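Q: Here's a structure for you.
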């Protein structure tokens, strides 16, 4: 009997609507096989931005550290798991969605957290990376204790990254970088506002017959991450590989000052050991 109950419980995590979370969008409105249609479709925006960012950041990653590519490779999985979660609203989908975001944040800390902001007891990036790994594993295991709290914890990490970016920008005089910072923060605030409004103001939006704010969050947050990580990468390149003379540009046309930001290395590259 115990084995049967365990199997039944295991099967339950795969079941449609087994998650405690249900977003504002009407369920099964567009398809009998997709619980939240727009939230599912909007998740595929990750599959558009991620490959572009992998391509645009390659010259910088090749010179600095190819591990940087892991950030946007993992973002593809964030989009995949997000689509699966909103398609099924299953408990498994929820956990995969949230934990994939946690590990992306961990990777951002590992590859880009400034050395001068390391705690005093940490002397190199390898030790810092091991610390981040331990914290991430503990956070992964503890996320199963109270799954509904995971999203709020992840947003707290986002707030810390915005704070870290603000600290870094205090000494920056590059007008293009300052503008990119303002746009990145504005996009992040707008995205979080959509998330909060969808979560806590659903009845209001239902009265307006507009229940798509969580899907808009997907689109805004992936653009905010593209802008924010490019800015962080630019600051990192300026400090760690200054000989490369990094410059911010926009794709597909820099003259527009809109589009997807990326780094162009104007200086002569050279091989050297990096932390």
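Heads up, the Cβ atoms here are built off N, Cα and C, so glycines get one too.
Pulled the feature table from TrEMBL, pasting it below:
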| type | residues | note |
| --- | --- | --- |
| BINDING | 22, 23, 25, 27, 36 | Ca(2+) binding site |
| TRANSMEM | 37-57 | transmembrane segment |
| TRANSMEM | 66-87 | transmembrane segment |
| BINDING | 86, 214, 218 | Zn(2+) binding site |
| TRANSMEM | 99-115 | transmembrane segment |
| TRANSMEM | 127-145 | transmembrane segment |
| TRANSMEM | 151-167 | transmembrane segment |
| TRANSMEM | 179-196 | transmembrane segment |
| TRANSMEM | 216-235 | transmembrane segment |
Q: Tell me whether the transmembrane segment (151-167) sits in contact with the transmembrane segment (99-115), defined here as at least 3 Cβ pairs under 8 Å among residues 6 or more apart in sequence.
A: yes
Q: Under 8 angstroms for C-beta pairs, at least 3 of them, ignoring pairs fewer than 6 apart in sequence. Is the transmembrane segment (99-115) in contact with the transmembrane segment (179-196) by that rule?
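A: Judged by the Cβ rule, the two regions do not touch, with the required three close pairs absent.
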Q: Does the transmembrane segment (216-235) reach the transmembrane segment (37-57) with at least 3 CB pairs under 8 A, where each pair is 6 or more residues apart?
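A: Yes, the transmembrane segment (216-235) and the transmembrane segment (37-57) are in contact.
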Q: In whole Å, how far is residue 86 (Zn(2+) binding site) from residue 36 (Ca(2+) binding site) when you measure between their Cα atoms?
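A: Given the Cα positions, residue 36 (Ca(2+) binding site) is 5 Å from residue 86 (Zn(2+) binding site).
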Q: Excluding near sequence neighbours, so keeping only residues 6 or more apart in the same chain, what lies with its CB under 8 A of residue 86 (Zn(2+) binding site)?
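A: Looking at Cβ-Cβ distances below 8 Å from residue 86 (Zn(2+) binding site), excluding near sequence neighbours, one finds 23, 34, 35, 36, 39, 40, 43, 93.
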Q: Near residue 218 (Zn(2+) binding site), which residues of its own chain have a C-beta under 8 A away, given they sit six or more steps off in sequence?
A: 39, 42, 43, 45, 46, 82
Q: Which of 22, 36 has the fewest nearby Cβ atoms, counting only those within 10 Å, among these binding-site residues?
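A: Taking 22, 36 as the binding-site residues, the minimal 10 Å Cβ count falls on 22.
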Q: Taking each of 22, 25, 27 in turn, which of these binding-site residues have a Cα lying within 10 angstroms of the Cα of residue 214 (Zn(2+) binding site)?
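A: The binding-site residues passing the 10 Å Cα test are 25.
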Q: Just jot down the residues in the same chain as residue 25 (Ca(2+) binding site), at least 6 apart in sequence, with C-beta under 8 A of its C-beta; none if empty.
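A: Spatial neighbours, sequence-distant, of residue 25 (Ca(2+) binding site): 36, 37, 38, 39, 211, 212, 214, 215.
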